[in-house]
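Database features (TrEMBL):
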DOMAIN    30-438  domain 'Cation/H+ exchanger transmembrane'
TRANSMEM  18-38  transmembrane segment
TRANSMEM  50-67  transmembrane segment
TRANSMEM  79-96  transmembrane segment
TRANSMEM  108-132  transmembrane segment
TRANSMEM  170-193  transmembrane segment
TRANSMEM  213-235  transmembrane segment
TRANSMEM  269-287  transmembrane segment
TRANSMEM  299-317  transmembrane segment
TRANSMEM  337-361  transmembrane segment
TRANSMEM  381-400  transmembrane segment
TRANSMEM  412-432  transmembrane segment
């Protein structure tokens, strides 16, 4: 795909195109500077900053072009899915604290998969019921199901920027993990809808649909794990760092991106693949590279993710004012407002319909009070998933537009309604997130005057990651540690049992082949290495 396809301006001139890209990069730089100045602000976060700058820039461009355009780059959903989304999702997997993530894995899957399916059904059937009376155009069953997938995709970045991972590791890991799994599930659902002929819905088609969904989910995960292990094995055996640290950093980046594009090439879920590739690389590959490469990769992946997120929100702000879409709904603005209100109401109801019942079910299966979610935490989880972002925008463009353009009034209404929901939820709910969480969970808010010192000892860093129920110590496992050893223990404390046997398998089989470093080896390492390991874990 050429640069004209990715960064089309409609002018066709290379010089004008270069001016457009230059201006966009300058605006991205402004996002960084303004975001830094507003770092300690109680209300504003990075996403809202980029979105507001995009809106302001769109207004200026709209005025200078006499109302012809509000954007300097044309939206292409492939730009989002192929170039911008991979670094964001990979960094999410690479930086995740794996102990808390896998300790709550069943709850995360319960919310991220089952919950998303419940929300998908409610939004799809609700939209079909309400839109029939609004007369917005000819929408087919596939369109309604696509709407369910589009508005089931959450954007929990505003909440994650506020929550303190060390003070509320259980809540943070759940909100974070559910957000990633939810996006992957929504995209897999959307892709599955595109593949099936839904003109004749039968029970057999429904069974095939669910079978295809599960196959995509499992296959995508396995592909990410395999490529992550392959990268770890190559770096461990070849030891590229002895000649050039640049090569091992480059190989990690390329293999990470390879996992995503291979998944897309095989029509799998690139989101799931690159996410689990990131987890595997942080567990094995990261410990096989040199000390300088560890620091470089951690910051490089975080930087790429940060810039990609800013790019997306900046563009969404600009594109929200695109005159081409709004001219279709200018004759009946009330209809567009009604559609947006219905969609937003369905988002609220769809989210609540699974968060509170599934939280009750999750609490019922847990014995430890510290592992259960009280009402305030459930409200926080519900709130975190109310915002809609770039994934919803990209899926909406994919379904109702082509290269950012649409000529059908019904499709235009759906695009503008999606923009309205994304803007309203991100700005209004984003502004309310910090005060709300400060009221509900005052201990969970990130300190406003900077993070805690990174030079602290390894023990304080470790404490939030392990709790008494896991019975894990720094160094070798104590002989007094209560280890599950029977089927009864597997049934009563499945998390501890699985974790124990996984550690034994990992230490005996996986680490000798693929590298990595365990907690038992931290005694002989430096304080800096131990700190870096614990941050990664």
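Cβ coordinates come from backbone N, Cα and C, glycine included.
Please treat TrEMBL annotations as automatic predictions, because they have not gone through curation.
With a cut-off of 8 Å between Cβ atoms, the residues of this chain six or more beyond the transmembrane segment (50-67) that come close are 27, 30-31, 34-35, 309-310, 312-323, 423, 426-427. At the 8 Å Cβ threshold, with sequence separation of at least 6, the transmembrane segment (108-132) comes into contact with the transmembrane segment (337-361) through 3 or more pairs. Two recorded stretches are said to be in contact when at least 3 C-beta pairs lie under 8 angstroms, sequence spacing 6 or more; the transmembrane segment (381-400) and the transmembrane segment (213-235) fall short of this definition. In this chain, the transmembrane segment (269-287) lies apart from the transmembrane segment (337-361): fewer than three C-beta pairs between them fall below 8 angstroms, excluding pairs fewer than 6 positions apart.
Here the transmembrane segment (412-432) does not touch the transmembrane segment (213-235). Their Cβ atoms form fewer than 3 pairs under 8 Å, with each pair 6 or more residues apart. Take the transmembrane segment (79-96) and the stretches 213-235, 299-317, 337-361: counting Cβ pairs under 8 Å, 299-317 has the most.
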